[in-house]
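All remarks here apply to the structure that follows.
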Amino acid sequence: MKEMSANTMLDSQRQQKHYGITSPISLACPKEIDHIYTQKLIDAMKPFGVFEDEEELNHRLVVLGKLNNLVKEWISDISESKNLPPSVVATVGGKIFTFGSYRLGVHTKGADIDALCVAPRHVERSDFFQSFFEKLKHQDGIRNLRAVEDAFVPVIKFEFDGIEIDLVFARLAIQTISDNLDLRDDSRLRSLDIRCIRSLNGCRVTDEILHLVPNKETFRLTLRAVKLWAKRRGIYSNMLGFLGGVSWAMLVARTCQLYPNAAASTLVHKFFLVFSKWEWPNPVLLKQPEESNLNLPVWDPRVNPSDRYHLMPIITPAYPQQNSTYNVSTSTRTVMVEEFKQGLAVTDEILQGKSDWSKLLEPPNFFQKYRHYIVLTASASTEENHLEWVGLVESKIRVLVGNLERNEFITLAHVNPQSFPGNKEHHKANNYVSMWFLGIIFRRVENAESVNIDLTYDIQSFTDTVYRQANNINMLKDGMKIEATHVKKKQLHHYLPAEILQKKKKSLSDVSRSSGGLQSKRSSLDSTCLDSSRDTDSGTPFNSPVSANKPSNPDSPTGEIERSSAEPVAVVVEKLPSVPPAQGLSIPVIGAKVDPTAKAVSSPAVCTIPTVVGRNVIPRITTPHNPVQGQPHLNGISNITKNVTPKRSHSPPTDGTSKRLKDIEKFIRLESAFKESRAAEDRKRKPMDSIGGESMPIPTIDTARKKRLPSKELPDSSSPVPANNIRVIKNSIRLTLNR
């Protein structure tokens, strides 16, 4: 009998459909306690408005039905105007497809709908942005209609009966569009222009994800929880270098493939388990990439050298496969890995009955994490200009993060995705002001009592990029300004209200750091880090409120000096070598002598999942306490010691850890050989273009030049060199850090 029951279990496991590029880690079915934890998870999410009621769902369906009818009417009319035969006009069709969070079934209350208008071959893109746009103009219930034709994915945005809709367009190389059209068929991409392929890609990826998960309802609930957690923890933003909705969906889908029968509460825990131990930059794949004869560019590090430098690749499952996380930087990956580890520790506590789900959804206190911040301010003179300006500046903040983390003295630059209204007292000229905050961790320097750090060029390169982009697209108007200021944590109250800055209830990591076992480590870190509070800031820009509200005291016991330059533009006259008039002036960056190996992108040294899985290699798993060797704990201190951290007081029991390691070990043995062929070779190559040790051309101003940008920003680098060799520097930020 025992043998028969064992055979029955094996047969049932063989019959279960296999998802993903490896076999599952566990086929265990949920227990009663798992369902209880899942219901508690649902209850914890309800106050955040993640679930729509039946009435709201039906309203969305009605709106989409109206839009679908409008599209069919428009395509029929335009077919008739192009003298197609009546028999063809009657059957030409047309259809609206949804994608994104709405198609996945995880949209929240009030969320917009991403939709795709699919038209037959005789309908041009220009028709969509002209005649269909005009048709929408005269439609009842449509408000805030605007077209963004020059976007990466061209789109028409509008509000239809209270529902915001982003509508993109694609025409297929077929004569009619039937209601049962399947966009997952790769042949639909044949003979299409790149804009149509991009428009179709959203639907194709979304549909493919849903086809690659074992249980759609469990996937949706798990994804709702993970997306809410990511938003609450400040790591939900593709634009700023974190992850967007599609990337989070693919990570959750991969977790569902590894634990196909698990309940949502278990899957949330396993999500943190898998990705806190993932060896980036190994790619996350939902299926093996498929070959196609369409010759479209796909993500493939073996072919494309630039793909080898992606830090956190998550590959879309639909052809042409792309990396959805190309914006991720070293700093944003570091922050996310730390959050994965924090999430694992919290869910361990929850599933042990020591805590509840609300703890997982607690926001971090970003303004208590770091000792140093950069305040980025975007201002404009009118509300309309401000909305445009803020959108452009925000889209370029990741350029600033990249500049800062390439600075040899900076370990981490952490941008808070939330923007804040500016203090009007400090920006009396402009009534519309937005601020972003970047937490900075400075790197220690061996055998140095103090270090002079100049961030001027990092900031100026960023502001030049934004102004130049605005000028190129004719957006730049009078009153549009960017300012960057260095402030210390104790100065933040000049910028933000007390309720935002006040210390919240201690987080799990704060509790662990305050435990006695970590006191010795903290003191050793402080003694080897130049990120102390006794630093000297000699370059805070003119607009810092500190200079106006807190006079410097040179006789203070700590020797702290806080002085700010009094003018917005620092004019530095230097004896520079003569330069021919036709050439630009090249000034080396401060600290240009950088060891190339120190600035190259490298894989984190987490030793939990081996990079190469060989036939004769038995994976050996260790569990380092630091997220990445040499990676900073996100508390404003650069962690560069190799000491082993004592076991945290809230760590799970040893037997639980052992079980988790067995799960991961099983996963390792089954992991795909997709990455084997290139891992060893590619890791030897380092991106030289990310090294910050080369000279940067500093643009100069010709005083005889008649045309100036409205923003008074520096002109482009082709400007002639003035005869008096005066270098104009804006947003000057210089500071001195003492040990």
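Positions of Cβ are set from backbone N, Cα and C atoms, glycine also.
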Exercise for review: May I ask you to indicate which of 628-676, 677-725 is given in Swiss-Prot as region 'Disordered'?
Suggested key: 677-725
Exercise for review: Report the candidate from Asp53, Asp150, Asp161, Asp166 that shares the Mg(2+) 2 site with Asp112, Asp114, as recorded in Swiss-Prot.
Suggested key: Asp166
Revision key, fill the gap. Students should find that the Cα atoms of Phe152 (site 'Interaction with RNA') and Asn327 (site 'Interaction with RNA') sit apart, in Å rounded to an integer, by 15
**Study point:** Site extent for ATP (largest Cα pair distance over Phe99, Gly100, Ser101, Thr108, Asp112, Ile113, Asp114, Asp166, Lys227, Tyr236, Gly245, Val246, Å)
**Key:** 20
Check your understanding: Where does Gly245 (ATP binding site) sit by DSSP, helix, strand or coil?
Key -> helix
Exercise for review: Quick one: of Lys157, Arg398, which of the recorded sites has the smallest count of other CB atoms within 10 A?
Suggested key: Lys157
Practice item. State which of the following binding-site residues has the fewest other Cβ atoms within 10 Å around its Cβ: Asp112, Asp114. Key: Asp112
Point to revise | Fewest other Cβ within 10 angstroms of its own Cβ, chosen from the recorded positions Phe99, Phe152 | key: Phe152
Point to revise | Same-chain residues at least 6 apart in sequence whose Cβ lies under 8 Å from Lys227 (ATP binding site) | key: Ser101, Val106, Tyr236, Gly245, Trp248
